[in-house]
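As structure tokens, the structure follows; a few thoughts come after it.
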Amino acid sequence: MASTRSPGGARTLLACASLLAAMGLGVPESAEPVGTQARPQPPGTELPAPPAHSPPEPTIAHAHSVDPRDAWMLFVKQSDKGINSKKRSRTKARRLKLGLPGPPGPPGPQGPPGPFIPSEVLLKEFQLLLKGAVRQRESTEHCTRDLTTPASGGPSRDPVTQELESQDQGAVLALLAATLAQSPRAPRVEAAFHCRLRRDVQVERRALHELGVYYLPEVEGAFRRGPGLNLTSGQYTAPVAGFYALAATLHVALTKQPRKGPPQPRDRLRLLICIQSLCQHNASLETVMGLENSSELFTISVNGVLYLQTGHYTSVFLDNASGSSLTVRGGSHFSAILLGL
């Protein structure tokens, strides 16, 4: 059966195989002249087959061939540059996502109130602050004394600190006042007094009476500092010019009940503290009290601030503008203190 095959069919199959091999090797079209096409071999002519052991001859197609994979990778790398860069795209996308700032939102709800701090806790914190201030002040004074006097004895606790730790809450405030009074920044009171009326004084009706004959009580809280007080005349002369706080309190007893009937406009008392005994011409402190609803024993007081020149005196006057006499009881007091210049 093999001998019956025609040699023309074999040659056709061999030509097709050669064409497929040429296409597999990537023979470019530019290797042939333009306009020429591969023509099949005419029948009857057979190309000699190359030996099997000989290596393939080099062709021009290998010098001009391009690997499809390398071309694709080069295209991918070049596509990430320029306008197609991923960094530029991300930045642009972020800018677009931010957009324009909108209006501020409404305020949030109010927070819960803070914790309630009882007064006991606040007082304890105040005590701690006071202890620190006292310790700092005492240590400063101790260092100052060490610079001027030799050291003596071993270290001992401050008496002010010991007293502070042993006192209760009420004593802490008293200690604070004492510390402020002892502080060099607290001004010293140069003039002050507190005196009382020695005996009862009779004041007739429709009369203006200047009170006198005082004494200095020997009780806790009584004070006298500086000159100027005349206990006999009841006049206090200002040792220096300045502002003085003055006060007077009288205990008054009616010796005779006022006449019956409707109260009269003149049935009243005036308590005054005058300068130079000129109550009408100079500034004075005054209190007015009606007698229509008063009892047999009552109290009338006056207080305020006057500016006194050096050498000017003040005194207490009682104006009995009523229809009956009265008595100012002993123990009524008169006081003054220099506030400042």
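Each position is counted from 1, following the chain as shown.
In case you wondered, yes, glycine gets a Cβ from its N, Cα and C as well.
Features of the protein shown, as given by Swiss-Prot:
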- 40-58: compositional bias 'Pro residues' (COMPBIAS)
- 101-115: compositional bias 'Pro residues' (COMPBIAS)
- 186-341: domain 'C1q' (DOMAIN)
- ASN230: N-linked glycosylation site (CARBOHYD)
- ASN282: N-linked glycosylation site (CARBOHYD)
- ASN293: N-linked glycosylation site (CARBOHYD)
- ASN320: N-linked glycosylation site (CARBOHYD)
- ASN320: site 'Required for correct protein folding in the endoplasmic reticulum' (SITE)
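In the three-state DSSP classification, ASN230 (N-linked glycosylation site) falls within a strand. Each residue in the domain 'C1q' (186-341) has a pLDDT score, and their mean in this model is 88.
Among the glycosylation sites listed here, namely ASN230, ASN282, ASN320, ASN320 has its C-alpha nearest to that of ASN293 (N-linked glycosylation site). Here the Cβ of ASN320 (N-linked glycosylation site) has 22 other Cβ atoms within 10 Å, regardless of which shown protein chain they belong to. Here the compositional bias 'Pro residues' (101-115) has, by DSSP, the following mix of helix, strand and coil residues: 0 helix, 0 strand, 15 coil.
Counting in whole angstrom, ASN320 (N-linked glycosylation site) lies 20 from ASN282 (N-linked glycosylation site) by their C-alpha atoms. For ASN282 (N-linked glycosylation site), applying a Cβ distance below 8 Å and a minimum sequence separation of six or more within one chain yields CYS274, ILE275, GLN276. Annotation: ASN230 carries the greatest number of neighbouring Cβ atoms among the glycosylation sites ASN230, ASN293 [cut-off 10 Å, Cβ to Cβ].
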